[in-house]
Every structure is written in structure tokens, then in C-alpha cells.
Amino acid sequence: MNVTTKAAAVSRRRLLPGFGITMGFSVLYLSLVVLLPLSALLFNSTGLSWAKFWDVATDARVLASYRVSLSTAAAAALIDAGLGLLLAWVLVRYEFPGKRIFDALIDLPFALPTAVAGVSLTALYSQNGWIGSLLEPLGLKVAFTPLGITLALMFIGIPFVVRTVQPVLEDLDRDMEEAAATLGASRWRTFLRIVMPELFPPLLTGFALAFARGIGEYGSVVFISGNMPMRTEIAPLLIMSKLEQFDYAGATAVALLLLLISFLMLLVINSLQHWARKSSR
Amino acid sequence: MAGTVPLHVPGPRTGVSSPAATESRAVKWVLISLAGLVLLWLIALPLLIVLVESLKRGLDVYWAALTDPDAASALKLTLLVAAITVPLNTIFGVTAAWAVTKFRFRGKGFLITLIDLPFAVSPVIGGLIFILVFGSHGWFGPWLSSHDIKIVFALPGIVLATLFITFPFVARELIPLMEEQGTQEEEAAITLGAHGWQIFWRVTLPNIKWGLLYGIILCNARAMGEFGAVSVVSGHIRGETNTLPLHVEILYNEYQFSASFAVASLLLLLALVTMIVKGLLVRKNAH
């Protein structure tokens, strides 16, 4: 039996035509467009030594930029997780007028160029903007503070949470909720004990996706952040300013660290998605 | 990881639940109102302000900003870059999806992760790497300058950075879709004597066309709207290496807010068209 299934598997593997050419082209194109250029960061020609790398990586301004990037991205992703759960819940569970527009709007941050998001958020929250002027008397400044960065990252990240939670919520078996209700559990208790455990993996995945996107985000943030070193300068911007001063080694060092964080996030997200798939079965 | 999420078709409704397993009407409407407020505040207001700000000083200023020669050449460059990058990444997306989903081989998961890589990388890094490869201090810098070839701070650099950033879009849309569809139909076609191209055009393509189209419009939206990566490699030469998103920034930094928002409204239009096409595709898919 073993021999025949193995033979069947082998022949199945190459039953359709085009493996060699599609695989060859894909790997070649991937190497040329993505892998080779990325490897320039690792095997760079800018004369970046370990000592120089360490110098840059532990520089106070660089550390501050990572602190700003990581903390604002984490805060934004956390708030997005809450708001995204609300939006996904309302979208899946309720019928109401205007639902289709509601659903479409959630995709706007995916489709809108980040520079446009940047200038429009800045216009809204600057001192004489629609919202900024309301918050000003309260002593709350958003534009040109970490709060503004967080807000821009919330805008960018919200669809990741909604679109990750939404399909899971749709596939959720309502029988369990019915059963809980029949057994006398309150709606709130049912939500916490029955629904939330199912939604936790996608929520965490959505959080991680929004967080990862937020760390590297540039366009929507540069306008609203004010770009003050040590206070509102994000890591991607620091790469940019080092490049503008022709400090290629410095830019490469900051970028390498950022890339390392992104790869770690990619790993986390992949295992989260794996876990979510397994637990949904 | 995804910079996007697969074309989502709303699932089937699971019958009407008993009152005990749903929220009360009051809770329901409170939640809907709250969600509406969040959406209005976080997403609709930024959209609205673009239109208001762009028309603040009248239609004349709006029109002048759009017909300005620098704006026109930025628009042309943006369209040109998209016209080069989108077809290339579409061809890659289809071939990669074919290789990944129609065959079994070792390291498939790893390959998919590699395809996803650009989503995980900061756009600024997406530009930086091409400076490191083709810039004057880069790997090929001396050779390029001795042969008088400009890549960085010129069109090829912008195209490369955009290729990198939009690399996964089409592949990422097709892989889950084709994975789900399996290989049975193609295998049936081959036993009936069809050859490679015939299988692709007659069997596979009709099955994936809406997902493919969705991947293409997402890829296009990002290609036209990319800011960070392009900003690094463009050199910001007006009328030459300035794309629409970069033009928004230049005008904004010069305090020409109305003009800046006028150009931004063009990009907003691109986003709205993208969203509307997506909406149509979801409905097509649902049938």
C-alpha cells in the first residue's frame, strides 16, 4: 500500500505542467526584486563595522526614536483591537441602514495613500483644525505630540483588526451561545466566556498586524508628528534624516534594527495565524 | 503577514437566534451608534477634510493646482510607474501562485513567507536598499556612474522601489484562493487532452478572475500612492522625479495647503474608486 500511495503522490506532484518555468521565474523575480536588494542591508558597502553599528544602535537619539515608534505603535494597536472588535461585532451581528457604506469605509485606510492620510489628520488636529480647536481649550495637544503619532497609526491599523476578526465572528457557531443562554447565563457572561475565547486568537493577530505596520509606517506620521528629535521622531524618519545627511552607515544601522524587529513580528504573526487556524478547527 | 486581507465575502447568516442569545434592542443600538461614531471620527472625517480643505479657496484655486505643469507631470509619472510595476507584479503573482498552489514541494511555507517579506519591511527601508545597491556609494554605484546610467533619483529607482513595495499584492490574493480551489479541475482538463496554456486560460483564469482583479486594483492603489519608499529614491526633482504623493508633500511644506489638498483629492479619488471596485467584486463573488 505504501508503495502505491507514494507513487501516486509523486505522479500527482508533477501532473500539471509548468512547474519548472513558473517556479524558476518566481524565484528569479523574487531574488532580483526583493532578496538581492534586501541583502544589501546585511552585506552593505557603507563600511558599517560592528563598532559603528553598536555606536549608532545605542545612540540616545536612536534609542529615543525606537521608544517613540514602539510605544506609539503598541498603544495604537491596542486601541485598534478594542475599536476593531466593536466595529467587527456590529458589522457581523446587526442589520442597520447604511451598513454597506459602513463596511466599505473600513477599507479606506488600506486604499488611501499614506501621505493623504498624513496631511488630512494634521489638518484636523492642528490648533485651528476641526478637532484640534475643540481640544485646545482643554489643554490637549494632539498634532506634533506622541498622541498625534498614535492617532495616525490607529487610522492605518484599524482595518487589520476588523478584517481579521470579522470572518472568525461570521463562522462562529451560535449554538454555543444559545446553549449558554438556555442554561441561564447572562448575555454578558456568555460573551465573556463563550465568544471572547474564540475571538482572542484573531484579535491578537489583528493587534500584531497593526503593530507591525505601525512600527514601519512613515507617510501618515511625518506630517502630524512634528519630527522633534528625542520626542516625536520615529525610527523610519531617523533613517530618512540620516540619508539626507549622507550618513549611509548610520541609516543602515538604524534600518537593520528596524528590520530585525519587523522579522520578529513576522515570525510572531505567522505562528499566531497558525495557532488561530488550529484553534478554530 | 498581510498588508491586505483576502477579498472577503460575507458568510451565510446562521438562522435567527432566540432572544436570549442576542443583545437587547437598547444595547444593540448603543453599540451601533458607538461604532458609527468611531467610524465617523477615525475614518470619515479625514476623508471629508480633504474635500473641504481643497475647495476652501474656491474652484479656481482647485483647478489651478491640478492643471499646474508640475502637478501634471507628477500625475504622468505616477501613471507611468503604475503602468510598469502593476503588470510586472501581476505576472509574478500569477506564476508564483501557480507554482505554489498547483504543486507540492518542500519549503513551500518558506517561499510564501519570502513573498510576504515586503509587507513586513518599512517603506523607508524599501527605498534605502536601492540606494545601497545603486546609489553613488552603493554596490553598482561606481560602475553605473562610469557608464552614465542613472537609477537612483531617477525613474528606474522609483520603479524598483514601487516594485518592491507592491511585490506581494497579487500573489497574496491568489494563493489562498487557488489553494482552496485545488487542482481537480485542471487535472480533469489534462486527462481530456488540454495543454498548459489551454488549462490556464480556460480553466484556471475563469476561476480566479475576480480575485485576480482585486489583487490588481490593490496593487495599483499602492503603486500610485506609495510615499515612503519613493520619497527615499526620488530625489524630489520637480517636473522630473516627483510623483503625486510627493507633490502633496512639497506643496504642503510650502504652505500651499489648498493646492496640496487639491492634489490629495485626486489620490482620494483613486482610493474611493478602489473601494467601489472592491465592493462590486465582493458582490460578484457572493453570487
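In case you wondered, yes, glycine gets a Cβ from its N, Cα and C as well.
The annotation domain 'ABC transmembrane type-1' is assigned in TrEMBL to B:75-278.
Positions annotated as transmembrane segment by TrEMBL: B:29-52 (among others). Beyond its flanks by at least six residues, the transmembrane segment (B:29-52) meets 23, 261, 264-265, 268 of its own chain at Cβ-Cβ distances under 8 Å.
Proximity of distant same-chain residues to the transmembrane segment (B:72-98), defined by a Cβ-Cβ separation under 8 Å and at least 6 residues beyond the stretch ends, is recorded for 115, 155, 158-159, 162-163, 166-167, 169-175, 178, 200, 204, 208, 212, 215-216, 219-220, 223-224, 239-247, 263, 266. The transmembrane segment annotation in TrEMBL covers B:72-98 (among others).
Residues or ranges marked as transmembrane segment in TrEMBL: B:110-139 (among others). Note on the transmembrane segment (B:110-139): residues 1-3, 96, 100, 145, 151-152, 156-157, 160-161, 164-168, 171-172, 175, 226-233 of its chain, located 6 or more positions outside it, place their CB under 8 angstroms from a CB of the stretch.
Taken from TrEMBL, the feature transmembrane segment covers B:151-171 (among others).
The transmembrane segment annotation in TrEMBL covers B:212-237 (among others). Tertiary proximity for the transmembrane segment (B:212-237) is limited to same-chain residues at least six positions away from its ends with a CB under 8 Å from its CB atoms, namely 3-4, 7, 78-79, 81-82, 85-86, 89-90, 93-94, 122-124, 126-128, 130-131, 152-154, 157-158, 160-162, 164-166, 169-174, 205, 243-246, 249-250, 267, 270-271, 274, 277-278, 281.
Taken from TrEMBL, the feature transmembrane segment applies to B:257-281 (among others). Only residues 6 or more beyond the boundaries of the transmembrane segment (B:257-281), in the same chain, are considered here, and those with a CB under 8 A from a CB of the stretch are 7, 47, 50-51, 53-54, 56-57, 61-62, 64-66, 68, 71, 74-75, 210, 213-214, 217-218, 220-221, 224-225, 244-245, 247-249, 251.
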